[in-house]
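Working notes for the structure below.
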Amino acid sequence: MVDEKIHNNKNSMIHLEDEEEEEDWSIKKDKNYITENIYPSETFTHTRPNNLKENSGIEIYDLDSINRSKNNKIDGNLNDDDDIDDGYSHNIISNGSHSGDDEDDDDQEENNSRTNLLNNTRTHRKLLNRHVQFIAISGVIGTALFVAIGKPMYYGGAGFLLIAFAMWCVPILAITVSTAEMVSFLPVSSPFLRLAKKCTDESLAMMASWNFWFLECVQIPFEIVSVNTIIHYWRDDYSPAIPLVVQSILYLLISVCAVGYYGELEFWLSSFKIILALGLFIYTFITMVGGNPNHDVYGFRNFGEAPFKKYFPDGIDRGSHIGYLQGFLACLIQASFTIAGGEYISMLAGEVKLPRKVLPKAFKQVFVRLTVMFIGSCLCVGIVCSANDASLTAAINESRPGAGSSPYVISMLNLGIRILPDVVNIALITAAFSAGNAYTYCSSRTLYGMALDGYAPKIFTRCNKQGVPIYAVCVSLCWALISLLQLNSNSAVVLNWLINIITTSQLINFVCLCIIYLFFRRAYLVQRDTLPPLPFKSWWQPWTAIFGMSCALIMIFLQGYTVFFHKLWNVQDFLFNYLMIFIDLGIYLAYKLLWCRGKDKFKDPHTIDFMTDLREIEEHELDHSFEKFKFYLDA
């Protein structure tokens, strides 16, 4: 009777065998096939996305509905069916085993413990499309774009500043599109670092992971110190430890909440930064055409006063050509510190809903950030403030805190605008706090990804109920204690130390990104016939990645060149400019020679496994198929 009923149902997913055999849950592989179990009112689906080839090897299983079928539907219906005897009913409910066996109970407990462990080591995909888009535009923009930009303009002039930032945007765009291609294809936690392990050798992956984690961590105290210097714009009669501790506690409270709250907070903070940037652009246009208390139509007068300046770091005049070159290099070095690429967006990949649809759009926003935010700001500061302005010169030489050295604020004071500088200073606090919050998030997710790959202790994979890697957050946030160095040193000195370290580490990370991409591309081309198409296709590869890597390599050695001048040589500056090179080389060689004993080899592109992670992503997209449909409608 049972066999007859099963054969009559053409779409059945359950094949009932003898009482002692395990049930066989099979899924047909036809495209867009909807299959039913023996109760046609309860169904689960198996669909293949249209962009996958028929023989791609990727099959999607709606495991939740399978479990519901086995545990709920069968239990509630089969026991009441007269055509199925108690033996078969009992067999199905117990998943093909006898419920009275102690051995099966032990297996069930073991499965439950494994499930709990898996849930405790997984982050949650809660970030929405609007969160990612705004974070992509302004998530890691801090005070450097609004305040520190005045220093290179003072050294090189408004013309060199604009040219240098525009030039550096080109290799950053090349690195970003390379990152976008591989991250959009495999959007997992710490994606480009985990792809380093898949596609390159273990030693390079180890070095790249620790370098990027250090880069993210050291930027946390940088932004904390920046907030403190901004507050000093108003008053100095307080201990610097107060804002440092308060800000660190706020970062901790935000980080331990569900990632959806982080995304919502960053959405609004990013909105404020976008409003600040656009507001300063509008201020520039209105004042340059005469909309100021002095009714001065100054136009491009300030820009033309000193567009190109000679700069001699050691005070020795070596001729006009050398002076102009050094003025340009001062602006280019500042650009290499200020302009970030798409690596920060990639760290969101493991917690984004529908990542293969959202991330390609987010990476395209980087172009907007590069052109509008950075190049636009360089043009505006050159318009509103002259590179030879006496107030700017005094602010740079005296290391004035906060907005005091911002070209925008200096312009407002020169024009007799008294309230707007305070408003800008408040907005700068928001920008610095938001950037520090973003670095806290990125550093903790980097450490989490390292632990998943075995490059950090496994305890850092543990997540709380909200899917937050709590131990990784706490350890990463400990780097905020570096900001307490300000208690014994001038804040400008501490910021300068951190800037030098960050610049070198960031440039090394750019080189690693391009190397990882080249190996990823090689593996993808070899396996292209069995893999889905790329959600994001970059241009002119592999030459684009090679160009970006070459520019980053050149800047690694240029960014601290002034330390080799006879009058400027000192060990401290040399270490802060180049120490990360030796640390990263030490990590690479130590892991390869001591840990792997020289047996670490680059991966064979034919054997690299992309499918395991792709299946998990496909399952997530299937679970959110309705949201995917809405995404297409909204697009």
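Cβ coordinates are placed from backbone N, Cα and C, and glycine is handled just like the others.
Whatever TrEMBL says is automated annotation, not expert-curated.
Per TrEMBL, compositional bias 'Acidic residues' is recorded for 101-110.
For the domain 'Amino acid permease/ SLC12A' (131-602), the model gives a mean pLDDT of 85. What TrEMBL lists as domain 'Amino acid permease/ SLC12A' is 131-602.
According to TrEMBL, the region 'Disordered' annotation covers 1-28 (among others).
Residues or ranges marked as region 'Disordered' by TrEMBL: 89-118 (among others).
Residues 160-161, 164, 223, 226, 230, 263, 266-267, 270-271, 273-274, 276-277, 280, 330-331, 333-335, 337-338, 340, 342, 344-345, 348, 352, 358-359, 361-363, 365-366, 368-369, 373-374, 377-378, 381-382, 385, 387, 392-393, 395-396, 402-403, 405-408, 410, 424, 428, 431-432, 434-436, 438-439 of the same chain sit 6 or more residues outside the transmembrane segment (132-154) yet have a Cβ under 8 Å from a Cβ within it. The feature transmembrane segment is assigned by TrEMBL to 132-154 (among others).
Beyond its flanks by at least six residues, the transmembrane segment (160-183) meets 149, 152-153, 191-192, 195, 307-309, 324, 327-328, 330-332, 334-336, 338-343, 345-346, 349, 359-360, 363, 366-367, 370-371, 374-375, 378-379, 381-382, 510, 513-514, 516-517, 520-521, 534, 536-539, 541, 544-545, 547-549, 551-552 of its own chain at Cβ-Cβ distances under 8 Å. Here TrEMBL flags 160-183 (among others) as transmembrane segment.
Annotation source TrEMBL lists transmembrane segment at 204-222 (among others).
Residues annotated as transmembrane segment in TrEMBL: 242-262 (among others). Sequence-distant neighbours of the transmembrane segment (242-262) (same chain, 6+ residues past either end, Cβ-Cβ under 8 Å): 123-124, 126-128, 220, 224-225, 227-228, 231, 351, 433, 436-437, 440-441, 444, 464, 466-468, 470, 473-474, 477, 480, 483-484, 486.
Same-chain neighbours of the transmembrane segment (274-291): 134, 137-138, 141, 145-146, 297-300, 372-373, 376-377, 380, 383-384, 408, 411, 415, 420, 424, 427-428, 430-431, counting only residues six or more beyond its ends whose CB sits under 8 Å from a CB of the stretch. According to TrEMBL, the transmembrane segment annotation covers 274-291 (among others).
Residues annotated as transmembrane segment in TrEMBL: 322-345 (among others).
Taken from TrEMBL, the feature transmembrane segment applies to 366-384 (among others). Taking Cβ pairs closer than 8 Å, the transmembrane segment (366-384) reaches residues 136-138, 141, 145-146, 149-150, 153, 158-159, 161-162, 165-166, 169, 172-173, 176, 277, 280-281, 283-284, 287-288, 300, 302-303, 307, 335, 338-339, 341-342, 345, 407-408, 411 in its own chain, all 6 or more past its ends.
Marked as transmembrane segment by TrEMBL: 423-442 (among others). Counting same-chain residues at least six beyond the ends of the transmembrane segment (423-442), those with a Cβ under 8 angstroms from any Cβ of the stretch are 135, 138-143, 146-147, 216-217, 219-220, 222-224, 226-227, 230-231, 233-234, 247, 250-251, 254-255, 262, 265-266, 269-270, 272-273, 275-276, 280, 344, 347, 402-403, 406, 408-409, 412, 473, 476-477.
Within the same chain, residues 123, 213, 216-218, 220-221, 224-225, 228, 241, 244, 247-248, 251-252, 255-259, 440, 443-448, 451, 459-462, 494, 498 sit at least 6 positions outside the transmembrane segment (468-485) and bring their C-beta atoms closer than 8 Å to a C-beta of that stretch. Under the heading transmembrane segment, TrEMBL lists 468-485 (among others).
As annotated by TrEMBL, transmembrane segment applies to 497-520 (among others).
Residues or ranges marked as transmembrane segment in TrEMBL: 540-562 (among others).
Non-local neighbours of the transmembrane segment (574-594) in the same chain are 201-204, 206-207, 210-211, 214, 497, 500-501, 504-505, 508, 556, 559-560, 563, 600; each lies 6+ residues outside the stretch with a CB under 8 Å from one of its CB atoms. Annotation source TrEMBL lists transmembrane segment at 574-594 (among others).
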Of the listed stretches 322-345, 497-520, 540-562, the one with the highest count of C-beta pairs below 8 angstroms to the transmembrane segment (204-222) is 497-520
Using a Cβ cut-off under 8 Å, which residues of the same chain at least 6 positions beyond either end of the transmembrane segment (322-345) come close to it?
132, 135-136, 139-140, 144-145, 148-149, 151-153, 155-157, 160-161, 163-165, 167-169, 172, 175-176, 179-180, 183, 192, 212, 308-313, 359, 362-363, 366, 370, 374, 438, 442, 499, 502-503, 506-507, 509-510, 513, 555, 558-559, 561
